[in-house]
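Student: Found this in TrEMBL, in case it helps:
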DOMAIN    B:32-534  domain 'Cytochrome oxidase subunit I profile'
REGION    B:543-562  region 'Disordered'
TRANSMEM  B:42-63  transmembrane segment
TRANSMEM  B:83-104  transmembrane segment
TRANSMEM  B:125-147  transmembrane segment
TRANSMEM  B:167-194  transmembrane segment
TRANSMEM  B:206-233  transmembrane segment
TRANSMEM  B:253-277  transmembrane segment
TRANSMEM  B:289-309  transmembrane segment
TRANSMEM  B:321-340  transmembrane segment
TRANSMEM  B:361-381  transmembrane segment
TRANSMEM  B:393-419  transmembrane segment
TRANSMEM  B:431-452  transmembrane segment
TRANSMEM  B:472-496  transmembrane segment
Amino acid sequence: MSGLSGWVPLWPPAASAEAGTVDAIVLLLLGLSGAVLLLVLCLVAGFAIRYRRGSPAKRGALPELVQSEVEIGWTAATLLLALLLFAWAASAQLGEERTQSDALEIHVTARQWMWKAQHPNGAREINALHLPRGEPVRLLMTSEDVIHSFFVPAFRIKQDVLPGRVTQLRFHPTETGEFHLFCAEFCGTLHARMLGTVTVMEPGDYARWRAAQPEGDGLAREGAALFVSLGCAGCHGAGGGGSEVGVGATVRAPRLAGLYGRDVPLADGRVVRADEAYLRDSILQPGRDVAAGYAPLMPSFAGLLGEGEVQRLVAYLRERGEQPGEGR
Amino acid sequence: MSGITADDAMAEAPQERQGDSYLTAETGLASWLLTTDHKRVALLYAAALTAFFFIGGAAAVLIRLELFTPASDLVSAEGYNRLFTLHGLVMVWFFLVPAIPNTLGNFLLPLMIGARDLAFPRLNLFSWYLFMGAGLLLLAALLLGGVDTGWTFYTPFSTGYAHSNVLLAALAVVLVGFSSVATGVNMLATVHLLRAPGMGWFRLPLLVWSIYGTALVMVLATPVLAAALLLVVAERAFGLPIFDPRQGGDPLLFQHLFWFYSHPAVYIMILPAFGVVSEIVPCFARRRIFGYTFMVYAILMIALLGFLVWGHHMFVSGQSLYASLVFSFLSFVIAVPSAIKVFNWSFTLYRGQISFQAPMLYALGFIGLFTLGGLTGLVLASVPVNRHVTDTYYVVAHFHFIMVGGAVTALYGGLHFWWPKITGRMPPDGWARFAAVLMFFGFSFTFFPMFVMGFLGMPRRYASYPPEFQVWHVLASAGAVLLAAAYLLPMGYLAWSLVRGRRAGDDPWNATGLEWRTASPPPRDNFRVPPIVEEAAYLYHPRHEGPRHEEQEPHRDQGGGT
Ligand SMILES: [Cu+2]
Ligand SMILES: [Cu+2]
């Protein structure tokens, strides 16, 4: 319980790589703000005492020095300081964005008023999230109703979770322990009860924990069933193997096996990477990114599929995409 | 020398001196409810705002009581959500936005520029009625069971999930928006058209400039708020798909529209406070304001840049990182004009003859609290840190420092400063100084702990919370007791001063500014002789000389020489 213990703490536990970056910026800002505050305090208090009414201090016109040069001086100084601070904070953020490697992907679904998580092997948990220490994590989050926000103070991260789209959150837990998970966006009656616990374990413990979970019908396996029952296979071929008119199918539709992770040329000339977001869009808004060489015949499944079903389909297509030797 | 001071007026019509102040010129209820006198309309607003301040304050007291313990025991979770929504809606739109512009501003703007009234006196009264209509709508929404969306009305919660009087509340806010547009137009027109002869733009007192900037922002930003809330009404009441993603809508669209108004609204609340402080500090330092032109441009810069930073409320909303960085950059830049103001107030003290009556104590308190509020804003403006502290008590502390520590402290300062002009009576200075000091410390005790607990991770809008945050909540709740006392105390002694207060002369603080060149309280038409302005503002001492040691005296009267 290292994350939740400690009496009257002044600083939250820092349990992720991101926490280090944030804390460094906070310390710098605290130092600078303290200095500026002290300066203003000294100016105001100093002048107030020295030039109190009737004090013997010298009055008269302002000295040359304290004319408009000073004004321009401190305008420039504050501007420079502000720009430096911005540059530092921005480059920290950009740097974080760039160093993204392969990550453990976990699906998070928020709803009034609980958090549901699903691990790659299908293990599910509610209001809890188990993570291995030292491994980058990527959460793919969506909401079934209103906007929520995934907030783990010990990791110094927060990301709103919206209905109708997937937001991502990447981080890198570095300490084991149990940490608070809060919903940070007001979401209705029990917003304050939309809490969870994030447990960071040693990688070995995590693997054991995961293996011990009821296997569940793996996401991808459920997706495969949906792929058939929803009629995707009718156009895309069994197993997403592709179809040509005349070969038993009525519509020519692209092969989906081996699609995930590849660059897809689109009808309008753009080339996009087939990631999860692309797969989702293809299912929910097929008219937006039409694959080159195909007619925009794919029907939209928006409104027909629940969020869970979309996630299963996407997981299935990912799995089909990652299978070796099935390239297009 | 002084053409239009009371001496002349007295010489002209000695028996009228007592009888025909704006307070006594007409009597009867109708003379108030149908008045077009900007001074009386200001008092109508003051009465209404006091009522709303009590309602919003009562909600705040209940919130602080509930948060005394971690469990949600005093009110239910539903009840708590309704309380903070009520507190936010009332305090933002029915107190802070109109607080200074519609009371002090309404009263002083024509006086300060030497006009007889606002440009459109009937519109002024009409916007008060709009305000009251909106207020009644809001009260109806509250009496029918309240609203549970927060003052931010985020979609799709407000359009599809909230089960409370969202429609009534949204319409109330739309209506109060029309009232502030009407006021804004009126004030812009007044400053453009009704300045006294000789009152050039760069002779305007800074309160006039800041109200001018505020009015600009009001007129340009408020319609966007009305549009956003009417869209909420359209979706909630008529099922028009606008924000609901299941029907192809975009919930973030609402946030963009909402913050496009609500960020500038922060400046609607704080700019007039800048103006008030800029009047008080030179008067009690007996010194010209330092860097007058920079102060003017800072106001205009803030009003302009205020429109370009709304996205800093949406760093974690899913908005693109590059958009966030642009908004972050602009938010850092907007810190510069604010810093200019703080430094200039400080340097106005340099080589002054400073005395510390109550208005000055409020102004100095304002400078301290606003500086801290502004600096903590830099932390929020940097994207990586914002991801941690946004939507926590850190943000709550930050905006209360600006809007309550800043704007409300300045309002109290201004109220004490112009009380003799408004009522003809002096506030009791001993009590007033005590209240000013109490307000500073009460405020700090209430809101400083919130920075700490917010950084520790305490999310906002929580009725119950994990026990490790309790220490900070107890501190905040204890501070709130002091703060409440500091807000109530002046209401008591100011009311007392109406009957027992020392009578004020025309210019009890020896201030510059045209409002002091007429009787206290002023006559119905403000000036008996239309003033002519020959000098810049804040001539508390001759240009190449400091304020003299002995008397507070020398400033030369503006509007003199006739
Ligand atoms: Cu929530
Ligand atoms: Cu803002």
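Even glycines carry a Cβ here, placed using N, Cα and C.
Whatever TrEMBL says is automated annotation, not expert-curated.
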Student: Do at least three C-beta pairs under 8 angstroms join the transmembrane segment (B:167-194) to the transmembrane segment (B:472-496), pairs 6 or more apart in sequence?
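Tutor: No; fewer than 3 Cβ pairs under 8 Å.
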Student: Is the transmembrane segment (B:472-496) packed against any residues at least 6 beyond its ends, judged by a Cβ distance under 8 Å, and which are they?
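Tutor: For the transmembrane segment (B:472-496), the nonlocal Cβ contacts are 50, 53, 57, 60-61, 64-65, 67-68, 70, 393, 408, 412, 415-416, 419, 427-428, 431-432, 434-435, 438-439, 441-450, 452-453, 456, 458, 465.
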Student: Please check if the transmembrane segment (B:42-63) comes into contact with the transmembrane segment (B:206-233), where contact means 3 or more CB pairs closer than 8 Å and the residues in each pair are separated by 6 or more positions.
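Tutor: Not in contact, no.
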Student: Hey, which bits of the same chain come close to the transmembrane segment (B:393-419), Cβ under 8 Å, at least six residues off its ends?
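Tutor: Sequence-remote neighbours of the transmembrane segment (B:393-419) are 96, 99-100, 103-104, 107-108, 266, 269-270, 272-274, 276-277, 279-280, 283, 358-359, 361-363, 365-366, 369-370, 372-374, 376-377, 379-380, 425-427, 432, 435-436, 439-440, 443-444, 447-448, 450-451, 453-455, 458-460, 472, 487, 490, 494, 497, 509, 515.
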Student: For the transmembrane segment (B:361-381), name the stretch out of B:125-147, B:253-277, B:289-309, B:321-340 with the most CB-CB pairs under 8 Å.
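Tutor: Of the candidates B:125-147, B:253-277, B:289-309, B:321-340, B:321-340 scores highest.
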Student: Same chain, outside the transmembrane segment (B:321-340) by at least 6, Cβ under 8 Å from its Cβ: which residues?
Tutor: 291, 294-295, 297-299, 301-302, 305-306, 308-312, 314-315, 374, 377-378, 380-383, 386
Student: What parts of the chain pack near the transmembrane segment (B:289-309), using Cβ distances under 8 Å and only residues at least 6 beyond its ends?
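Tutor: Contacts of the transmembrane segment (B:289-309) (Cβ under 8 Å, skipping residues fewer than 6 from its ends): 202, 206, 209-210, 212-214, 216-217, 220-221, 260, 263-264, 266-267, 271, 274, 278, 281-282, 327, 330-331, 333-334, 336-338, 340-341, 344-345, 347-348, 350, 536-538.
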